[in-house]
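J.: The structure's right below; bear with me while I get my questions together.
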Ligand SMILES: NC(=O)C1=CN([C@@H]2O[C@H](COP(=O)(O)OP(=O)(O)OC[C@H]3O[C@@H](n4cnc5c(N)ncnc54)[C@H](O)[C@@H]3O)[C@@H](O)[C@H]2O)[C@@H](O)CC1
Ligand SMILES: [K+]
């Protein structure tokens, strides 16, 4: 799904009204009905509902929502503000609502209402048309709502949040839910906006699909349909050689578990063959934890010091559980000399790169790097906010022609062509030791099976999050361990076999 800018969204609204058999006021009605259908499923009518309506079309939505909720027996209190310019559709909806309920105009601070505990605030003050930080009376009301013990629901986007740009100003409405129209907004995907986004859902209001298709955007949001549509079904006549050979170079004394987790997830995600290159101390651990894997043994007891013969492997995964000394930098240098291999680097390998930045210039094209935020900071430096960090991620990927997988909620995958996808699966339970090792194994497995590095990254991240969500549905978010995520990989392929695989 594409993520469009505020300007593109405005153009999309205008195009829809011009080219589809729907007027602007009817489109607003459709949007409001969509919102109300969602709202009444979630909130029962016994709670007091306060609707705050700004002067534009977001406010117009609020007024229409007020009318629709009144019709289904919700008790609504509606507030508007003095303005010298209300939008046309605001005026029409104001007239429609005035016949049903008393509308209060807030002219000064003294008019700001006290909200009853347990009430619900519907925020229709500003939507995608916010053009500057919020000040004056609007700021006072936002602060007052933020201080109240109510549930807050934003229509389209919380007031004070820009769709696609940073707003340094602290005046923004904190919300529990955002019901947004048609497409996700870039700002929902950043950790810094968690309080101003809450749980967000998309309502399809029938904006013109071909216009959306025609728009160029560097940003996409990967959801179920797109992810499953690229999974390759297996041919009846295939054999293990068709699913690739992965060499995993992971683990050191005390950290062999990282290698085990990568290897297991690599097999679960469908690799044909997995071989570990292991320090001597890891031999027993690996052989007994993963009998399916074969082993090459490094001369060093406690860490990997040398590169085995990698001819015959189409994919190498390196870094989980790594010792981060000078030997590892030399090892990376040797790996990088093999330009025709798919490569995924994680954890220790990334830290070695951070300490030896000159090595970045030798990265084979389309190498996949999977840093968490701390590792990315060591690689690329610090950024003042999540928007500039996104730009930093894109620049890094473009500069070194590598694929950057920045892990976190809505993991970002930045490609050397400047495009970035945001992931839709996953949950906070996946913030657990070993979760990253599992992702490395999954991406390596997909690379080995012939997915392009870009596809392996995007699908791998989706699959990893999906597996984590399945794990959470079985054991609860906080108790997820990395092994559970590996188990969840089975559920992903089961779902594919049942629902999507044409061959079954
Ligand atoms: N245009 C359409 O076809 C549709 C629009 N919809 C709604 O319309 C919204 C966008 O409407 P608008 O473009 O009218 O924009 P908004 O309603 O978000 O706000 C624009 C108004 O607020 C003023 N404003 C902006 N920033 C301000 C600030 N910091 N302080 C004070 N005033 C400020 C502007 O001058 C303008 O009067 C969407 O978010 C959505 O809720 C929906 O009804 C769906 C259909
Ligand atoms: K809003």
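Glycine is no exception: its Cβ is also placed from the backbone N, Cα and C atoms.
Nobody curates TrEMBL annotations by hand; they come from automatic prediction.
Fair warning: this is a prediction, and the values are worked out from it, not measured in the lab.
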J.: For the AMP site that TrEMBL gives with 407, 408, 409, 410, 411, which of 381, 429, 434, 436 also belongs there?
T.: 436
J.: Name the one residue among 5, 159, 187 that TrEMBL lists for the same K(+) site as 58, 123.
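T.: So, going by the record in TrEMBL, that would be 159.
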J.: Spatially, which candidate from the binding-site residues 128, 138, 407, 410 is nearest to residue 58 (K(+) binding site), comparing Cα atoms?
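T.: Result: the closest of the binding-site residues to residue 58 (K(+) binding site) is 128.
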J.: For the binding-site residues 57, 58, 128, 131, 436, which residues place their CB under 6 A from an atom of ligand 1?
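T.: Those binding-site residues that pass the cut-off, since their Cβ is under 6 Å from ligand 1, are 57, 58, 128, 131.
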J.: 10 Å Cβ neighbour count around residue 131 ((6S)-NADPHX binding site)?
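T.: 8, counting other Cβ atoms within 10 Å of residue 131 ((6S)-NADPHX binding site).
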J.: Looking at the binding-site residues listed here (57, 60, 131, 138), whose Cα lies nearest to that of residue 411 (AMP binding site)?
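T.: In terms of Cα distance, residue 411 (AMP binding site) lies closest to 131.
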J.: So around the K(+) site, 58, 123, 159 aside, which residues have their CB within 8 A of the centroid of those CB atoms?
T.: 52, 54, 59, 62, 124, 125, 126, 127, 154, 155, 156, 157, 158, 173
J.: Between C-alpha atoms, which of these binding-site residues comes nearest to residue 407 (AMP binding site): 60, 123, 159?
T.: 159
J.: Work out how many Å separate residue 57 ((6S)-NADPHX binding site) and residue 410 (AMP binding site) at their Cα atoms, rounded off.
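T.: Each residue's Cα considered, residue 57 ((6S)-NADPHX binding site) and residue 410 (AMP binding site) end up 29 Å apart.
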J.: If I take the Cα of residue 131 ((6S)-NADPHX binding site) as reference, which of the binding-site residues 123, 159, 408, 409, 436 has the closest Cα?
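T.: Looking at Cα distances from residue 131 ((6S)-NADPHX binding site), the smallest one goes to 159.
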